[in-house]
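Everything below concerns the one structure shown next.
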Amino acid sequence: MSTKLRVLVPVKRVIDFAIKPIINKTQTGVETKGVKFSMNPFCDIALEESIRLKEKNKDLVELIHAVSIGPSKAQDVLRTALAKGADSTTLVDVGDEEVEPLTVAKMLKQMVERQNANLVILGKQAIDDDSNQTGQILAGLLNWPQATNASKVEVDGDFVSVTREVDGGANTLKAKLPMIITTDLRLNEPRYASLPNIMKAKKKPLEKLKPQDLGIELVKRLETVKVEAPAERPKGIMVGSVDELVSKLKERKAI
Amino acid sequence: MPSNIVFKRGFASTVYKLDTLAFVESAGGKISPSSLSSLNAANQIGKPVTAVVFGPGGESIAADVSKIPTIQKVIQVKGDKYEHYLAEELAPTLKEIIQSSSYTHFLTSASAVGKSVLPRLGALIDSQPVSDILKVVDDSTFVRPIYAGNALATVKSNESVILASVRASAFTPVDATGGSAAIEEFSSSAESGSRTEFVSEELLTSERPELGSATRIVSGGRGLKNKETFDELLEPLATKLNAAIGASRAAVDSGFCDNSLQVGQTGKIVAPELYIAVGISGAIQHLAGMKDSQTIVAINKDPESAIFNVADIGLVGDLNQIIPELTEKL
């Protein structure tokens, strides 16, 4: 009899992927007031994968628990997670502080222990800080196997096979549970939450904690000196024909 | 964090070595181009650079690395368990090397391997890594992109061992001839106890230059309609230019080409001399992967496409006519 999965899915609230961020006047970060926020797309994929594992084999997955570490508004992404199919959720309310991946991973380690999770599925990166670190750090802290950039996940008893997107192609790793998986874009197509499910989600559990409840102090190891806009490219030209294109390329010594 | 500062002071007075350890990856029996770029970033930190090479095929790679003039020493770690660069095996050994010689910096390229191992190492030595650096300001300050490259953050690390990954396209590769660094073997006593097993890999074989280091790239998007048109139009153009082929996410998702050719925030980040975007609309996620290219050419039927905002030369029209004509006239 194989181990039942208790899946932990960390989800982050980020500025919506379609919005071009504006840098604030003090050059300390980007404007967040009046900006649309959503669940980080990679987290959405991680959640979808855990729901599909459960749908494919009801006996396989005992619990899907989503956790978000963020401001109190991150409740919204947890409600979305519940509406899509998570069983229960935890918000670790850190206020408006940006929390670094190492600290997030330390909190997630505590959550893994609290939830007695044996599989953590995370997005490969958050589209705001673009770090691509949290899953790997968590795997290191727990000394669990890690499979990053997953494009395919197959559970067979206590073993999980993961096909990963790597430079130049793909590779497949196999590991014994417990383990950490981070998701790539092509793993799946996340579902939308239906209205009835959104209504039902309001009655599902959403636990609220503070970092202190997990025994973690919010420390910063990196100091953001400034945030600025990248240099703008000089305005380009439009050409009317292939001949003109070729001659402009020659002028620029691009060919 | 006060305890950290105390530790640093003690550290500086008792240890004389303040070196950078650089992880060098190989692919197909050669030093990977992205590692050569990351070694340039390592030099810019301004401290002696030691390179570390892993794996059963490491001997010839270590010999190649020893010829890089800016390398002081090459550490070679042998062992079949390193063959596939699993983070579970690399991280504990790297921790051992770093702590045995008190390195202050560890650098890797931000390749798939680098991204996988760096944070795991961070967990083991309790250091917050800095991802994907574009610029070395000083030995503890770096510039890195956030929000898909729509903002650049200057960050200062207060860690006693600074861990960073390097965006290859932001640094020119170091010269790989003329040096003669000593090669030392390192035997690790670290037992990872890893339960991770490498099963198989499927790498794309191509005669073309590697996408990440190509000087010219021809990239296709949804506008190419299907795989046949994608190949038919882009292959001859890429061959003529000796260019690598890239793609937008839309093209990859529609099955026009392999995933590993995706250029963008979540795919490859490139900065070639010439980037020709064919039938690509220019979503911010795609622009994040190519907007530092020297010359950008956009060919698209929709004059409103966002790609024209970053293009140096734009041409509006039908790809099926323009691309063959361009291929012929080059």
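Each residue, glycine too, has its Cβ placed from N, Cα and C.
Here is what TrEMBL records for this protein:
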type    : residues                                            : note
BINDING : B:Arg222, B:248-249, B:262-266, B:279-286, B:Asn300 : FAD binding site
DOMAIN  : B:20-202                                            : domain 'Electron transfer flavoprotein alpha/beta-subunit N-terminal'
My list of binding-site residues is B:Gln265, B:Ile280, B:His286; which of them have a Cβ under 8 Å from any chain A Cβ, in sequence order?
B:Gln265
Let me know the most crowded of the binding-site residues, choosing from B:Arg222, B:His286 and counting other Cβ atoms within 10 Å.
B:His286
How many neighbouring Cβ atoms, not counting its own, are there within 10 Å of the Cβ of B:Gln262 (FAD binding site)?
28
Go through B:Ile280, B:Ala283, our binding-site residues, and report the one whose Cβ sees the most other Cβ atoms within 10 Å.
B:Ile280
